[in-house]
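The feature domain 'ABC transporter' is assigned by TrEMBL to 378-606. Positions annotated as transmembrane segment by TrEMBL: 106-130, 136-152, 164-182, 202-225, 265-287, 299-322.
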């Protein structure tokens, strides 16, 4: 009997080897033939003692993957720790001790989390959740909360409600992607009778998607907040000041954030299979799955990761835009209005700016001085009329300011008194009132007889245009920027209005290249990056672009502070020849006397 069973085991093992070498169709044919003959063969050929051998052989045939699986015992796992220790030692030798400690700490934390998860959590979790949809949703919410908390902890800037913003973005991106996988991939519409994927399938896939979404959230949030709160804020305000609406001003930052969020996945997808083998595919092969099946699952996961990262980054962008912009004013929310805003920088940053107006500065004195007798314009309505205005950021009070077509008004005063803030307020970049201070209830600001509240903010800025003295820090060339601002919606509306004017009222179109030709500006600068031109060239380029857009009123903040005397003279001559209406801030009293018949003097109020 023992000899017969031994011979049978050898025979069955050989058959199993041959069976595994067959194609899928051949396996099906063999199985069908066996099922037809089995009832006749088994009673006469097999004894009861032979049944365990057949059962073992059958199991190995039906689940061949398990026969080739590789497992790690605790000793082998402990030996793998040496790689981390060697890496930490190398970092220590390079005097990267903080990074060495962080790596060891992260490795220890990861080891504890994965061991606990694999040993004590996943098995009970799979059993508890099973195919219950409410339990799966509850688990997804818990993981999304943890991922959001981790994303906030990585952010340079923090503010009230930030964790909720991250949670909505993460649960939206991962949730939609996971819902598509469950309903359209793992359980296809062509097979509605197929079982709903259980926790053993959903939990690991969701874990990979959440980990990827966490990375996308951190990268995207860093770029968005840097553009809306940090160094990129001036780029957004530059676009707003040229007539961009909220979406047009924020779009470059959104594109940058989504691109950064996707870059790791795109790079990994391009190299997967040739340069490296992805983690899920490696794990499945080590677990005994066939390489083709492991590759199929890895493709599905990568496609899902790309979708979830994209959706998460886009959702996050829209949420942060709604948080950082005052959509009614179509301008950035001032730092001081953002609840709980702090930065991780040790140099102060934005922390504490919410309390800036607990003790507002004293009123500044506003005095209008006419240096020469202007032409009689009393019969013409002013372009801009400002009455009883308090500039909220500096507490400057403007009793009355009227700007007529062709006026050139200069503003002077000591540094820090609020000259630039007055121009920003007139351009509606800074708020004219706030919930913190009930001011300007009786003020009146009109443009061509229309109240500012009746004019769209983007259209207002295309007519009342602020030009900063600072070098633009945007990417691309000046020519690119001119083409960008020419495509803004407010520009198209202005062109439609101008096309409806009488022919004798229309002004000839002129490009910024033609305007700047007389300002000693080399033609090649229009095709150089902004950061490659000098400060004086950047000022001339920016001013020429603003003039070519033909605003009704220019608000100039030190427009020639980086230019030489000859270039400054030519710019002043162009402003006079074009009969530009300007309100200009300058620290040069001689320039204001040459160019501006009217002067506004800002000084500290006397008690």
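For all residues, glycine too, the Cβ spot is worked out from N, Cα and C.
It should be emphasised that the depicted structure is a prediction, and the values quoted were computed from it without experimental measurement.
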Segment proximity, the transmembrane segment (136-152) to the transmembrane segment (299-322), 3 or more C-beta pairs under 8 Å: no
Outside the transmembrane segment (202-225), six or more residues from its ends: residues with CB under 8 Å to it: 122, 125-126, 129, 136, 139-140, 143-144, 147-148, 150-151, 154-157, 166, 169-170, 173-174, 177-178, 181-182, 253-254, 256-258, 260-262, 264-265, 280, 301, 304-305, 308-309, 312-313, 316-317, 320, 324
Mean per-residue pLDDT computed across the domain 'ABC transporter' (378-606): 86
Contact set, same chain, for the transmembrane segment (136-152): CB under 8 Å, 6 or more residues outside the stretch: 125, 129, 158, 162-164, 166-167, 170-171, 174-175, 178, 199, 202-203, 206-207, 210-211, 213-214, 217-218, 221
Same-chain residue ranges lying at least 6 outside the transmembrane segment (106-130) that approach it to Cβ under 8 Å: 81, 84, 136, 139, 198-200, 203
